[in-house]
Amino acid sequence: MPKNSKVVKRELDDEVIESVKDLLSNEDSADDAFKKSELVVDVPEEKDTDVVERSEVKDERPAWNSKLQYILAQVGFSVGLGNVWRFPYLCQKNGGGAYLLPYLILLLVIGIPLFFLELSVGQRIRRGSIGVWNYISPQLGGIGFASCVVCFFVALYYNVIIGWSLFYFSQSFQQPLPWDQCPLVKNASHTFVEPECEKSSATTYYWYREALNISSSISESGGLNWKMTICLLAAWVVVCLAMIKGIQSSGKIMYFSSLFPYVVLICFLIRALLLNGSVDGIRHMFTPELEIMLEPKVWREAAAQVFFALGLGFGGVIAFSSYNKRDNNCHFDAVLVSFINFFTSILATLVVFAVLGFKANVINEKCIAENSEMIIKLVKMGNISQDIIPHHINFSAITAEDYDLVYDIIQKVKEEEFPELHLNACQIEDELNKAVQGTGLAFIAFTEAMTHFPASPFWSVMFFLMLVNLGLGSMFGTIEGIITPVVDTFKVRKEILTVICCLLAFCIGLIFVQRSGNYFVTMFDDYSATLPLLIVVILENIAVSFVYGIDKFMEDLKDMLGFAPNRYYYYMWKYISPLMLLSLLIASIVNMGLSPPGYNAWMEDKASEKFLSYPTWGMVICISLMVLAVLPIPVVFIIRRCNLIDDSSGNLASVTYKRGRVLKEPINLEGDDASLIHGKISSEMSSPNFGKNIYRKQSGSPTLDTAPNGRYGIGYLMADMPDMPESDL
């Protein structure tokens, strides 16, 4: 040992050399004590001992104010617009109540295990998606970058939907609602109903013409829609202000944005159940068609819904959990949030079908009244004999049952001439079978139903305020999936990054508020997220289960949680989930290949939608979106696999995190591995040989060695060199 004592101090904010091979395995639950500690190595004269003193400094990483705030943030992120307008549509389309069984099975097989996995790695490593996957495997570090790209793509168009909701919210403070009746057009001679509206409906016309002022194709830009541009700007301002302080500001807003939708849904359900025809809608929704459940398409769509409902792969789940304490029971959180999401979907489906049942009943009554008048005219004209009409039928107050009886009689008597009479069956099931999803459900079907509500402006305000809150909850998680990893990696100021991100997204988002903007929303929704997210989550599962090692990961969970997770998760992560995800990926690719790429364009002259194929440049954009989203994965893999960052690097298991940037560490094979133990000053040290798992600063660095979990490396050095001569110690 040297004659003179030497004291070396080191702060964790400096460079750290970390071996990814042992990054997680060498951590333990007591690691928090070392977050901002200092090391003092004092070597007294003629004593062969090392004295380590540490001072604990408060961890600077933000934390949730309470467990409730964190749970609400995760619920707000996972429960979004898809629960209201996607799940009910899939439930109706795929066998009603029978669809719930495949969904629940896949929630247990895919949803909860993968949700638990993302919560675990985020909480364990306490970094965003980029830092987490760099820790686990530098060669797969592109997973985190891919998550950020997908988050950005989704945020671009998702906030446009919030802008639409804000527009309808602002227009709801009117009596009657502006989409209640078709507008009248005046010319020199007379006044008439707008032809486009008369051919469709008042709510459909308002959506396509007044709100979107939509063009007839994606190639016809039509310029900016100034109303929607202002609404989009307002949406981004709200998101920016809510996120500018990170979880310190967004966490408080979660109390309202996450809980308010449940208040609205319960109020809507109670109100809808008191309306005529609501029970018919609920009965129709829960009437199971068991034969449909055996179709592979049902399971594919159920798996996709489970996948996207929980927000897997976006990075928001990892970002939120990274602000937890190390010993938080994230297994309980995964199960709780997953089932809250499931029951929210059930609640939303009940509300949707109760309201649609009421709407179908209103439309059916109108249909019966119109066709009854037509029958009376046909009787007077002699086309139908009065004798075939039952005597007890009163056309001025005819019921649905009586109309069905008259309709069947006329159909049998006038079998050959019946088509020429142009009578409609007026079945309430026919109206309920019209599957509506997405914007069609929220901005057309639901708005039409609310025009028949008593005090319709109040319910419209509540409904669109609920949509805004659902959208904002998901947007907070999506933006957090971008901001947290970038801040952790590049050490930029969160406030500046948030403003830049929102400003850039608004500028790019102007393509969605053109007159053709709705077609671009469809394009991004179809191509920017589905396949890239599946690839991201598959690689996440592989990285943990096979690259890092499922046995080591289970030990880490036991150390972190204080108990061993059920063996069920071991088999899910290692065997079942990867196979299910690969099957879903293949099925999605096949379905995308069989479905012609295109969009539904609104034809003004026909007042109806028409399917159009994307132009060549549109196909280029579609392919570019998918390629750009997954491109970081192979790029990072090739760079680190081939040592392209630094030609002098020899071992990819060694990564330097300097102010968050991932750099390569040069290796000096002539280094003296025992130099630290001998007490040489830093300037005399050579770069270590990483083949012996020694964690040390670069040559010439004034700071001391650290192990991968942030602790100081003396103990690890001794443990990793069993063959060191006794004299060296």
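Cβ atoms are placed via backbone N, Cα and C, with glycine included.
Keep in mind that TrEMBL annotations are predicted by a computer and have not been checked by a curator.
Going by TrEMBL, these are the annotated features:
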type: BINDING; residues: Gly76, Val79, Asn83, Asn341, Leu470, Ser474; note: Na(+) binding site
type: TRANSMEM; residues: 68-87; note: transmembrane segment
type: TRANSMEM; residues: 99-119; note: transmembrane segment
type: TRANSMEM; residues: 140-169; note: transmembrane segment
type: TRANSMEM; residues: 226-247; note: transmembrane segment
type: TRANSMEM; residues: 259-282; note: transmembrane segment
type: TRANSMEM; residues: 302-323; note: transmembrane segment
type: TRANSMEM; residues: 335-356; note: transmembrane segment
type: TRANSMEM; residues: 458-483; note: transmembrane segment
type: TRANSMEM; residues: 495-513; note: transmembrane segment
type: TRANSMEM; residues: 533-550; note: transmembrane segment
type: TRANSMEM; residues: 571-594; note: transmembrane segment
type: TRANSMEM; residues: 614-639; note: transmembrane segment
Using all protein chains in view, find how many other C-beta atoms are within 10 Å of the C-beta of Val79 (Na(+) binding site).
27
Does the transmembrane segment (614-639) reach the transmembrane segment (99-119) with at least 3 CB pairs under 8 A, where each pair is 6 or more residues apart?
no
Can you find at least 3 Cβ pairs under 8 Å between the transmembrane segment (68-87) and the transmembrane segment (495-513), where each pair is 6 or more residues apart in sequence?
no
How many neighbouring Cβ atoms, not counting its own, are there within 10 Å of the Cβ of Gly76 (Na(+) binding site)?
28
Highest Cβ count within 10 Å among the binding-site residues Asn83, Asn341, Ser474: which residue is it?
Ser474
Is the number of Cβ-Cβ pairs under 8 Å between the transmembrane segment (458-483) and the transmembrane segment (495-513) three or more, considering only pairs separated by 6 or more positions?
yes
Where, among 226-247, 259-282, 495-513, 533-550, do we find the most CB pairs under 8 A to the transmembrane segment (571-594)?
533-550
For the recorded Na(+) site formed by Gly76, Val79, Asn83, Asn341, Leu470, Ser474, which further same-chain residues have Cβ atoms within 8 Å of the site's Cβ center?
Val75, Phe77, Ser78, Gly80, Leu81, Gly82, Ser258, Pro261, Thr344, Gly473
Should anything in the same chain at least six residues away from the transmembrane segment (226-247) have a Cβ under 8 Å from its Cβ atoms, list it; otherwise answer none.
62, 64, 73, 159-160, 162-164, 166-167, 170, 211-212, 253, 320, 323, 472, 475-476, 479-480, 483-484, 494-495, 498-499, 502-503, 505-506, 509-510, 512-513, 517
Check for me, if you would, whether the transmembrane segment (99-119) reaches the transmembrane segment (335-356) - at least 3 Cβ pairs under 8 Å, residues 6 or more apart in sequence.
yes
Result, the transmembrane segment (533-550) in contact with the transmembrane segment (259-282) (3+ CB pairs under 8 Å):
no
Any contact, the transmembrane segment (495-513) to the transmembrane segment (140-169), with at least 3 Cβ pairs under 8 A:
yes
